[in-house]
Amino acid sequence: MSMCTKTKNGNRDNIYKVKSLDPKIQNLINVATEARLNAYAPYSNFKVGASVMCDDGTIFSGCNVENSSFTVGLCAERCAYVKAISEGKIKFKAVVVVAHQENSYTTPCGACRQFMSEFGNIEVYMTKPSSSDVLVLSLDQLLPYQFETVDHTFI
């Protein structure tokens, strides 16, 4: 993978040209970009698309869905994951997040990071529509101290 432009903090690490990525990841980016078109965001107009690749190569996509009761809206990442999980898929290889912010990459929110971490540390690809660059970080980099229970025994 060939690296290119700087991130918001000036770091060039983890930014790659989309065309240098594995074709399966390029396809995953295209799927998330298409999913973004279906976003329901009448309140913020902040449209996000996501796609997740399962360990068997199956792809599920999702978009954000806002609600007038703001806290019950659903993020694109969780939408894609829930679609996969509802079909019996719980092992994932990669997730893509596509949103449009001119000067920065949109990373998953804290709730999505925690939700996704339940299913393992995978690569997260973040890009913008019509962008030739992608920011790639692992879930562990995005959420180094996720909440987890050690023994699942509760009193």
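Placement of Cβ uses the backbone N, Cα and C atoms for every residue, glycine included.
Nobody curates TrEMBL annotations by hand; they come from automatic prediction.
The domain 'CMP/dCMP-type deaminase' annotation in TrEMBL covers 23-150. Under the heading Zn(2+) binding site, TrEMBL lists Cys75, Cys109, Cys112. Residues or ranges marked as active site, proton donor in TrEMBL: Glu77.
Annotated Zn(2+) site Cys75, Cys109, Cys112; additional same-chain residues within 8 Å of its Cβ mean position, judged by their own Cβ, are Ala76, Glu77, Arg78, Pro108, Gly110, Ala111, Arg113, Phe115. Mapped onto DSSP classes, the domain 'CMP/dCMP-type deaminase' (23-150) shows 40 helix, 34 strand, 54 coil. It is Cys109, among the binding-site residues Cys75, Cys109, Cys112, whose Cβ has the fewest other Cβ atoms within 10 Å in the structure shown. Glu77 (active site, proton donor) is surrounded by 27 other CB atoms, counting those within 10 A of its CB over all protein chains shown. In this structure the C-alpha atoms belonging to Cys109 (Zn(2+) binding site) and the residue listed as 'active site, proton donor' are separated by 9 Å.
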